[in-house]
Structures are given as C-alpha cells and as structure tokens.
Amino acid sequence: MEKKKVWFWGVKDDGEGGGGRGGGRTKDAEDDVADHLSRDGTMSQYSLSKGLLPSLGANNRSSRDVILPRFIVSPFDPRYRAWETFLVFLVLYTAWASPFEFGFLQKPRPPLSILDNIVNGFFAVDIVLTFFVAFLDKVTYLLVDDPKRIAWRYASTWLIFDVVSTFPYEIFGSLLHESIQGYGIFSMLRLWRLRRVSNCFARLEKDRKYSYFWVRCSKLLLVTLFVIHCGACFLYSIAAHYPDPSKTFMALTDENWKESPIAVRYNTAMYWSITTFSTTGYGDIHGVNSREMTFILFYMVFNLGLSAYIIGNMTNLVVHVTGRTRKFRDTIQAASGFGQRNNLPVRLQDQMVAHLCLRYRTDSEGLQQQEIIDSLPKAIRSSISHYLFYEVVDKIYLFHGISNDLLFQLVTEMKAEYFPPKEDVILQNEAPTDFYILVTGAVDIIARVNGVEQVVSEAQRGHVFGEVGVLCYRPQLFTVRTKRLSQLLRLNRTVLLNLVQANVGDGAIIMNNLLQHLKDSEDPVMKGVLADTEHMLAQGKMDLPLSLCFAAARGDDLLLHQLLRRGSSPNEMDKDGRTALHIAASKGSHYCVVLLLEHGADPNIRDSEGNVPLWEAIIGRHREIAKLLAENGAKLSLDSVSYFSGLAVEKNCLDALKDIIKYGGDVTLPDGNGTTALHRAVSEGHLEIVKFLLDQGADLDWPDSYGWTPRGLADHQGNEEIKTLFHNHRPVEKKPKPIPGIPQSPVTGKPLMKYSSEPTMHSGELVLDGGQVVVSQKRKLNNFRNSLFGIISAANSADDGGEVPRSPAVPGGGGSMIYPERVTISSPENGETGGKVVLLPNSMEELLKIGENKMGFVPTKVLTREGAEIDDITLIRDGDFLLLSRDP
C-alpha cells in the first residue's frame, strides 16, 4: 500500500508517496520539513500550539517521523484544520436554529428546513471523513493510523450521536404518528455539535496570533447570547403549548400575542429573557402559570451560576491588566513608609521612589530586557548581547587590543540596567564588586573632600567607571551619580577574573591599558593609584594572571623577577610569537635581558616573523644589549641574514648593517628570491648604503629571480649618483668572507641556487652554533605549542625551539657533504714541521687543551704562520696552519 507523509508544520504533500515505512521515506519527510522551516525562517502555527513535542531521548519513536498510509488524513493537516473551522461556522447556525425551531415552529418550514438539510449534508460528509482521520493515543502520544483502530474508536464513542444529530427529520418524522410533535425535540439533538465550538476556542486561546483577552471575551459573549436565546425559546414553547393563552407571560403585554408576527413574538421573548438574566429593566419574567414558574425557578438558579462564572472570568482578565499598577502603588507606599519610619534623608527617599518608578516603567513598556534574556538559552543570549552592546564595549579603552574571543565572552556576561536621574551607582570607598560601562545618559564622578562632595568630572556615552577599584582591588575612589536617565552595562569582578584566567595574554593587555590610562591622567589621585598599582605588580599581589611579556613591555625587572621565581617559562610567547627576551631587547631593558638570560631564556629563539632577540637589539640601536646577547650565544642565522640586511636597508640604517657584519653576517648574500641588500638600496636610493655594500664586495651585476641586477635598477630609475658610483667602481675579486663555522668550497661557476620559498626561516638552511654546522628546521609558530598536545610532544622532540643534535657531516645542496672545519696545529718548541690536523673546537680554551694533549706541554697562545697572535676562535678559518707556544 502506498504511503504519504504526515505534516505537523502545515506543509503540503505534493508527492504521491511510494514505498513502505522504510527509513528512506522517513528521512525524505524530515528533510522536506527542515527545508520548509529554513525557507520560512520561522515555524508555522502548527509547530507549537497544534503540533506534537517529541519524547525525550535519541531513540524515541516520534510521531513526526510517521508516514501515513494512503487515504489516512493527519489531524494536523492544514486542509483538515480548515475543514474543521468551516464546520464551526455551521455549528453557530445550528446553535441558533435548533432552539428557535424547538420553541417557535411545530413543523419544518422553508427556508430553515432547506438550510438544515444542507448543513446536515456537510456533517454527514464529516462522519465519513472521520473514519479516515488518524488520532493520538493519549497514553503514548503516538499517531494511530490503523484504519481498523480508527473505525473502532469512532464507532465506540461519538458515531451514534453524530448520526442521530445529522439524520433528516423528514425521514424520521414520517415514522411518527401525526399527534406526536417531534420536530422541535429532534432539532435539539443537533446541539451535540457545540463541542466543536468549545474545541475551537481552546485552540484559539493557545494561538499566539490572537489576543487571549478578546478570545475569552468572545467566548463569554457567545455563551451569554446562547443562554438568553435558549431561555426565550424554551419559555415561549411553554406559553405556546399552554391551554389558556391569556394565562401566560406573553399575555402580560398583548392578549392577542398569538396573532402577532413571529418576529415580534421572538423579540418579546428575548426581551424578557435578557432582563431576567441580567436582572435589569423594570422587572423580570413574571411566571403566570405553574409551568412557567417552575421553568423560571431553574432558569434563575442557572443564571446565578453562569453570572458568577462570567464575572469571575472578567475579573481575572481585568485584574491581570491592572495587577502591575496595584502592586506598584503598594510598593511605592511601602517604600515611602519605610523611609519616613527610619527618618532617611529626603535624597535617599527620592532615590528609592525614582528607582521603583523606573522599574515599573521598564516592566510596563517591555524594556526589562535582562529578565527576558535570562530566560533564554545561552546561545540566544550571547547573540542578543553581541548585537546590542558589542559596538559599545569594543570602543572601551580597557579592551583595546584584546582578542575577539574574550571580548565576545565579556559582552555576553554583562548585565544591562536602567538608572533614574540623581541615583548613586557606585559609592566612594565601597567594595569593588562591579564596574560599569555607560551606554546612554550621563553620570557625575564625585569625590568627597573634607566632608563636601565635589564633582571631579562627567562621564558620557562609551565611558567606563569603577574599573580602577575592580582591577586594582581597592575601595572605589569616587561616587558615581547619574545626571539623567542612563542605561549601564554591569560586569562582575569575579566573572571578569574567571574569563581572564583563561586568556592570560589578554589579561596583560587589559592591565597595560589600565596603567597607561592612569599614567595619562592628570588627576593626583590617579597618580597615587598608579604608584600603588605598580608596587603591587612588583610584589605579585595582583589577582590578574600576568605574563613575562607584560613585565618586559613595561621594563619592570622587579615584576619580571617575581614571575620567574614563581616558575614562569622564560621562553613563553605572546600571541605574536614574541618572547619576553624579544620585547626586552627591542626596548633596551638591560636588567630584564640579564634576568631572562640567567633563567635560561633561549637567545636564538625566533618570533612568528623570524626575528631573533639579537636583531631586535640591533635594529633598536641598543648596542649594549646586542653585545650582551652575543656574549651569551646569540647569533644571526645564515638563512635570516639576507632578510635582516633588507630590513636595515629599508629603514636606511647603515649602523645596523655594520652590526650585522660585526656579529658574523654577510650583507651581500641574496635571499630566496635572489634579491640582495644592494638591490633594495638601489631601489630606495640610499647612496651611502650603496657605497658601503660595494665596499663589502656586493655584486652589482647579480640578477634576482626576475632578472634585475642592481646596475639595471639604477639605469631604470635614472639615479645619476648611483649610476656614476657604479661606473667608477672598480670590480675587484673579493675573497668571500665566510661566516665563522662555514667551510669554504671552490666556486664552480654555477650561480647561487634560487628558491621559491620566503626569504626567512628556510627549511634545511645552515646556522651558526658555536662554530659547528647544524640544520635549522623551519618552524611554524602557532597555538599548537601552547596546547596540551604541544607540551607533550615538545618533551619528545627537539623541533620546538630546542637545540638540534649536531652531526659530524651534514648533507649540502646538490647531494654533496659539508664537513666541519679542520686546522693544522704545530709547535716550534718540539721541532715539528708537519704538525697535526684536528677539528676546530668551539673556543680558544678548548684549542689550547687539545694542543696540550697533542704536543706534551701547556701552550698559552696561538700564532699564525707569520707570527701574529690570535685571541678569538672566530678569526680561525678552515685549513689554517696554527702555531702553539707558551710565554717565556
């Protein structure tokens, strides 16, 4: 049997279906529903007020996944809902016609009889349709689509009543005797259909598209009119069947009432019925005979209960609207009484009343957004807060430079509050529990001096106050009082610290912003706070997590020493991959550099751009720092020398180029694209640097990867001074000045190999490390090194900024082997002429120690073949012949 989808969200079934109850069709149905919801952007009215909620658990059997058999209709199908709504209007007609026919008609009379049969026809169709409508099991809340169970349920409940109320009286009346007037009684059976109206109002009361107040009022009005209509029809029926028409209530106004038109009689009966129901007018129905008196007795008792029900409902509706006002007035009265009873100052009493009035206003106008936000899921709360307040918080000086992640979290945790004019937000000397951001309005910053309040300044939109007390953990410095209606964002100190604990780098930025703000302030109070705060930082008494980079950026060697003693890693990095040694070297903080080196900081560690601390000191023109770093093993790696040379040229810093040479670098080397420092100097037009580079042996005909030579660039740019300099320059054969530790090999005429990689941090390039040849692996700085996985892997790998094991022979370019330096040592005292070949050690002390072992005496100095004394190991090249001697 073919199946079709059952919809719970008002989606039409455009397909004919097919297949069984397999998961494929179920999945298609789910996908179609999801597409429907995505297109509309919101769920239809059937999703919440009329649909089903799935049961808990991932493996529940939800009715949303049911695929109904063919010809079975879902009770949630919008077409079936429309059919039910249409029948409700027919029921309203039946509610009027049935009592009227019972009281005023003795037999069928057109056009009512025709309309009755038409209406009966629609309800007959509904009886047949009900046999094909699935129903919900009240126990399992699953949709039952078995035709047999549907038929049995309907047949055992409402079928007999629906059939009887739909059966035409013309067929039924022909079976009765003429003396039996059953037309009116039979018409009253149709009132069974009123249950549909009750169900319809129950659905409307839950539908958010309709006002609950007006739905309830409409329902009560219809109930009242129906009761009055039934009362008039029933009482008229009693009068019409009474033997003596003159002894009825109708005869009180017109003795010949039976001769009046039926409309007049109906109007008279309705008048007496409504005056009795509402107990208004000049009197109630006056029962003349015993039948009328008996009916009126029950009618009045019923009216008493119905009136109580209506009055109770209307009272609840009205009280719900006015309850807030009553509660507000009671609260205001209680607050005023409290202030007067305790002799509070008038200013405090006014603040109490103003705050309560503002809270009532925000409640009544729907502005109390915090209560609404707190009732929503976290994701929705975060999105709302981000939309409303992110732009304001992003401009606060305290959060300049922090990550977007922390800023988003801070915005989510902030609470929006309204404050009326002249209300104290913060009191001077109170505990620092919160700080505030001003969204709208204005506040006065007030200081109490010698018992007198003085306005220090005024804060406008986008300002923050209370942050000094919160971040420095000291009593609030000022009283903050609103000038006009203001909206504030409040952030709790505990929440802030918890967020900063997970973002240590951002915490340092926040503290730095605060200290800079205090430093820029001209207020003497702020200057005192700055001094106290710096002292607390040096003593390590701040709750905020501080990093070495923060201390190095401030040049605070006391704080740096305190953090190092607490176990902070001397090589920890900030978000840019810079270590505290990078920062201290760039700022020339001598004591900070000494502390870091003493605690094991790596002098050759690189940041994310490939810069080393030695280069930071060189480019910052801190010669003492550069010398200190060099003495502690800092070097310029071969793969970065060309990059540093290019930076020095761009900054037009000739001294930096000289320092590069001083610390073993070759400023004539090309980068990975074949570009040399001379190329850049010509492009920038730095004549003095061009002269210096030519003196260092730079090749003015060296082409880069695009074929441009320095000479060609000078001709292209038309720089006459440089062109003249090139023309007058006499090319001399320059013996390459190697970086110490790099062996020399004969030039084969093959040009320097060019690489497509970046000019810095090349993989597989050679660096200097105590005169030995090592391999410098390319490092990619990212968040991995700070993660748990990075920490674990760093213990098992030397690639994470640690030393790389040395190898006696390292593969060079083109598959050749590059061997370490070798020298020949000899001693005139032993009479040797040939000498002995040894590996060049890392220091002069080691060389003298080797000589002692080889020569059998204790040498004290190293000489060249010509007799010149050598006092630095870096002056010795591969293949040199050395003489060892001792002082006489």
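Cβ from N, Cα, C; glycine included.
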Pro111 / Cys217 share membrane side in Swiss-Prot: no
Are there any residues in the same chain, six or more apart in sequence, whose C-beta is under 8 angstroms from the C-beta of Glu430 (nucleoside 3',5'-cyclic phosphate binding site), and if so which? Pro475, Gln476
By Cβ count within 10 Å, point out the most packed of the binding-site residues listed: Leu398, Met414. Met414
CB neighbours within 10 A of Thr494 (nucleoside 3',5'-cyclic phosphate binding site), counting all protein chains shown, number 11
Could you tell me which of these binding-site residues, Ile446, Ile510, has the fewest other Cβ atoms within 10 Å of its Cβ? Ile446
Report the DSSP secondary-structure composition of the topological domain 'Extracellular' (288-291) as helix, strand and coil residue counts. 2 helix, 0 strand, 2 coil
For the repeat 'ANK 2' (576-605), the number of residues DSSP places in helix, strand and coil: 17 helix, 1 strand, 12 coil
Limited to the repeat 'ANK 3' (609-638), I'd like the whole-number average of pLDDT. 84
Below 8 Å Cβ to Cβ and six or more residues apart, same chain only. Which residues does that give for Phe478 (nucleoside 3',5'-cyclic phosphate binding site)? Ile426, Gln428, Ile445, Ile446, Ala447, Val456, Phe465
